[in-house]
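K.L.:
Before we start, here is the structure in question, set down as structure tokens.
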Amino acid sequence: MPTSILVVDDETPLESLMRQRFRHKIEDGTYTFRFAFSGKEALAAIEADAAIDVVLLDINMPDMSGLTLLNHLAEQLPTSRAVMVSAYGDMNNIRTAMNRGAFDFVTKPINYKDLELTIEKTARHVAQLREAVRVKAVADLKARFFDNITHEFRTPLTLIIAPTESLLQKHRSDEHSRRSLTTIRRNAHNLLHLINQLLDLARLEADSLPVTESRVNVLTFVRHMVDSFQEVARQKTIQLDLDTDGTAPDMAFDVDKWQKILANLLSNALKFTPPGGRVTLSLQTTPATVRIAVSDTGIGIAAEHLPHIFDRFYQVDSSLIRTYEGSGIGLALTHELTQLLGGQLTVSSRPGMGTTFTIELPARPASAHEPAADLRLSALESVPVLSQPEALPPTGDSELPLLLLVEDNAELLAFLAESLAGSFRVLTAPNGEEGLALAQRELPDIVVSDVMMPLMTGYQLTKALKTNPVTNHIAVVLLTARTTPENRHEGLSQGADDYLSKPFDLDELRLRLRNIIAHQQALRDYYSQQLGNPTVVSPTAPADAFLQTLYSFMEQHLDNSDLRAELLADEVAMSPRSLARKLNTLLGVSPARLIRQYRLLRATEMLRAGRPITETAYLVGFEHPANFTTAFKEIYHLTPSEFVANGRPETLPKS
Ligand code: ADP
């Protein structure tokens, strides 16, 4: 873009002189010139073409002085700048021009080298000015957009919260409704809180967050804040104390912003402090400042993270397996709000010992006639709701399939457990590690797991389950907020049987679980039919590798009457109990029963091949032929001799 220069001077020969001196700049497109020989002509030129960067302005002109024109320029070309051109002795007028906003001046006779440098400097300044204006416009636009969109969110959220409240009133006594409605209410509040924070950040960025002061008793104020968090503290068994210097002055400050600041610090302290710990808010006031420290005995923050924790969206632990949920907005907002109020926020922390955040905020003593703030009104939205749902571990009918839910969001976990309790016996685990331990111990039919979890991700859990012969038959369904095809692929390649992205439809989850159970049942029917049906060619090569191992081991020990469940379990390196659970899932039989059925199935083959009954009994591990006959009859409803006499029955009754 060339620099566009308007020269305003009543000396007409100046035009050819300028064009001559700046010939190269004009030819290579660096400068474009426009000339006006009076104030009037200048105004006309400005009106015709607002794209003027630099105005070279003579002070002494007959129709309108350059000083008068300057006033018009400020209005009509607010992002252009004027350089005054005047006689050396005209210092008074030059001073006046500078005071009216002229950017610089040069003296006549003009030193063209110096003029060129001045034009360049002015053009640079104009460019910066316009960039700043542009940035501000974009920020305004963004803030307006955020404002609009946030209101679009707030309205429906309000329309969720309000009817939920009235339903809660109505259904207080119905435990199930109360629980669901409480979940809705808490989460709608959380969402509202998050949206409010985003809105504040956007407004801070656009400098459009006004400071509104009202009169509040400082002690009443902090006590109110601490009280708002007592319930959360109690639920987490954290002791929350208020420590004051005893003074309780009425002061004027922006209550809403102070509330947001303290709410963030308190909720972080409670969030990052394990049960049994302690959080203390201490207050000290001087006539001009209020100093509040929030200290906790929590996990602390390592020195290398401390410089960054006030950055937007920064989280010390942002890994998939982090223990604490969050957005990284809270502290950034707290910091920026503190700055807006002219205060200071500092932090000191020792990992494993605890953290103290200290704010020092200016406040002035309030006079009695200033409007008093209503603390109750604004508190609700600025207090983030820490998820503290009432978890209940539902169990069901022992005939139902066993389902393990692994999910770190306690509320979602409780909700899923409750919703699925009708069709499953439900076990729950709050993270991958506990989930894996529980899966290995209880061998559920299905594991439904979140992907992002503390200690161990859903992917790692899936892999651990699927690569262990004890657990590889367990179906795994992953639930995740990460929905890219890569994530899906990652989950499925670790062996997950199904994949649902959040937010998911509960009915769809139910349906998919039902399909998995039906599939498992079909397999179970298939295998047990093979085992119980002597017309099946050979049971020794089942598709399942695990069963194959068991079958070939039983084949090797067929005539060993000491072959028992324990030996079988040893062979596959499982505890007898785990083997029993796994066989029950795969075949619906106990290990002892499997051994017996296998012996008898092989016996039918031998009898059909013409072996004598007694010999067959020994060969398949029965020490007493009488026991053999009893067992045979129990399964096939025929004695061995009837079986031989009947020849080859097409089918036999299933066990
Ligand atoms: P969020 O809590 O949503 O992740 P914040 O901006 O409130 O975001 O906090 C940023 C990070 O600072 C947190 O993720 C956490 O790692 C750390 N942090 C904040 N407060 C504390 C605290 N009291 N104790 C330990 N760590 C903290």
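Using the three backbone atoms N, Cα and C, a Cβ is placed for every residue, glycine included.
Summarising the annotation, TrEMBL assigns domain 'Response regulatory' to 4-123, 402-517. Taken from TrEMBL, the feature domain 'Histidine kinase' covers 148-365. According to TrEMBL, the domain 'HTH araC/xylS-type' annotation covers 548-646. Annotation comment: TrEMBL describes Asp58, Asp450 as 4-aspartylphosphate.
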K.L.:
Kindly state the mean pLDDT of the domain 'Response regulatory' (4-123) in the predicted structure.
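P.N.:
Taking every residue of the domain 'Response regulatory' (4-123) together, the mean pLDDT is 91.
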K.L.:
What are the non-local neighbours of Asp58 (4-aspartylphosphate), defined as same-chain residues 6+ apart in sequence with CB under 8 A from its CB?
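P.N.:
Result: Val8, Asp9, Asp10, Glu11, Gly66, Met84, Val85, Ser86.
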K.L.:
Looking at Cβ-Cβ distances, which residues of the chain lie under 8 angstroms from Asp450 (4-aspartylphosphate) while being 6 or more apart from it?
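P.N.:
The list for Asp450 (4-aspartylphosphate) reads Val406, Glu407, Asp408, Asn409, Leu412, Gly458, Leu478, Leu479, Thr480, given in order along the sequence.
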K.L.:
On the DSSP side of things, how many residues of the domain 'Response regulatory' (402-517) fall into helix, strand and coil, could you say?
P.N.:
52 helix, 25 strand, 39 coil
K.L.:
Could you break down the residues of the domain 'Response regulatory' (4-123) into DSSP helix, strand and coil, giving a count for each?
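P.N.:
Taking each residue of the domain 'Response regulatory' (4-123) in turn, the totals are 55 helix, 28 strand, 37 coil.
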